[in-house]
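Marked as active site by TrEMBL: Asp29. Sequence annotations record features per position, and here TrEMBL assigns active site, proton acceptor to Asn77. For Asp29, Glu216, the entry in TrEMBL reads Mg(2+) binding site. The substrate binding site annotation in TrEMBL covers 30-34, Arg42, His46, 74-76, Trp78, Arg80, Arg197, 203-205. Annotation comment: TrEMBL describes 216-249 as domain 'PABS'.
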Amino acid sequence: MVFFRQKNRDLSDKIDKNKLPIHIGIIMDGNGRWAQKRGMMRFYGHKAGVNAVREVVKASRELGIKYLTLYAFSTENWKRPKEEVNFLMDLLVEYLSKEVDELNKNNVLINFIGDISVLPEKCKIEIDRAQNVTKNNSGLVLNIALNYGGRDEIVKAVKKICTKILNKELSIEEITEQTISENLYTKNQPDPDLIIRTSGEKRLSNFLLWQSAYSELWFTEVLWPDFGKEHLIEAILYYQTRQRRFGGV
Ligand code: IPE
Ligand code: IPE
Ligand code: MG
């Protein structure tokens with residue numbers, strides 16, 4: 001234990017505080033495989049994944065990250081068996097009801113991105129509470145991507161923009177990249193500097209498609225329930241070795 005703490009401290013000492021990613025996005029993948037490897041049902045993996053969420057949120061606060069976006073449930077995850085979907089929804093309710101007060105004490109602002117309008121009522125109640133209780137906080141902004149899909153987000157933005165045009169609040173000539181950004185769930189937030197995906201898969205799976213145009217990507221074989229502060233630090237150290245050119249020289 002002491003050894004691990006020491007190791008984390010040594011590693012975080014290597015982080016250049018002036019070059020921190022402002023916004024980190026995480027595709028939390030591998031819960032099912034984590035459980036299957038142990039001969040357990042997938043559910044156990046999701047439960048164990050909550051501990052990793054807790055640890056990573058805490059580590060992000062400690063390291064001074066300003067925005068953290070966690071991909072919790074995609075628009076495609078409805079394809080899973082009903083029992084698994086229900087379990088994930090219940091887990092969300094449990095996580096929020098247990099953690100919101102602590103997160104609030106730690107000045108975390110909780111924000112949901114995705115279409116929450118179609119979620120079960122019990123989820124919507126906890127989501128509203130989480131957002132209301134923490135809305136004036138000025139610390140870490142924790143975006144939870146729930147029933148989120150990058151393509152769905154863009155479709156919704158297009159519809160909003162079209163409505164504004166029909167209402168003559170906007171002309172076609174006035175549409176810029178900024179117009180699109182302002183009509184996404186992440187409006188007023190910086191694009192992610194760093195996107196992390198666990199479990200060895202190297203794809204975005206519909207995560208922050210518009211916003212990730214110039215994100216640095218970091219992949220690890222580690223399965224989500226095993227992910228901890230040391231891995232987050234490792235990802236940030238990798239990020240700090242990258243030269244970001246944004247198309248320049
Ligand atoms: C990520 O783990 C959690 C969610 C997508 C909700 P998975 O459930 O996708 O785990 P694997 O990829 O099957 O191992
Ligand atoms: C991506 O993981 C979605 C979340 C982490 C919430 P998936 O497990 O759903 O992605 P695919 O199916 O492997 O692309
Ligand atoms: Mg998966």
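Just so you know, glycine gets a Cβ as well, placed from its N, Cα and C.
Note: TrEMBL annotation is automatic and uncurated.
Locations of recorded TrEMBL features on the structure.
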residue: Asp29; record: active site; Cβ contacts under 8 Å, 6 or more apart: Arg197, Thr198, Ser199, Glu201, Ser205, Leu223, Trp224
residue: Gly30; record: substrate binding site; Cβ contacts under 8 Å, 6 or more apart: Gly45, Thr198, Ser199, Gly200, Val222, Leu223, Trp224, Pro225
residue: Gly32; record: substrate binding site; Cβ contacts under 8 Å, 6 or more apart: Arg42, Gly45, His46
residue: Trp34; record: substrate binding site; Cβ contacts under 8 Å, 6 or more apart: Gly45, Ala48, Gly49, Leu223, Trp224, Pro225, Asp226
residue: Thr75; record: substrate binding site; Cβ contacts under 8 Å, 6 or more apart: Gly114, Asp115, Asn147, Tyr148, Gly149, Arg151, Asp152, Asn206
residue: Trp78; record: substrate binding site; Cβ contacts under 8 Å, 6 or more apart: Val85, Asn147
residue: Leu204; record: substrate binding site; Cβ contacts under 8 Å, 6 or more apart: Ile27, Gly150, Ile195, Arg197, Ser212
residue: Glu216; record: Mg(2+) binding site; Cβ contacts under 8 Å, 6 or more apart: Pro21, Asp193, Leu194, Ile195, Tyr238, Tyr239, Arg242, Arg244
Inset, instruction - Could you tally the C-beta atoms, other than its own, that fall within 10 angstroms of the C-beta of Asn77 (active site, proton acceptor)? - result: 17
Inset, instruction - Run through the domain 'PABS' (216-249) and tell me, per DSSP, how many residues are helix, strand and coil. - result: 16 helix, 4 strand, 14 coil
Inset, instruction - Kindly point out which of the recorded positions Asp29, Gly30, Gly32, Trp78, Glu216 have a C-beta less than 6 Å from some atom of ligand 1. - result: Asp29, Gly30, Gly32
Legend entry - Other CB atoms, at most 10 A from the CB of Arg197 (substrate binding site): 23
Legend entry - Distance-selected recorded positions near ligand 2 (C-beta under 6 Å), from Asp29, Gly30, His46, Glu216: Asp29
Legend entry - DSSP-derived structure type at His46 (substrate binding site), helix or strand or else coil: helix
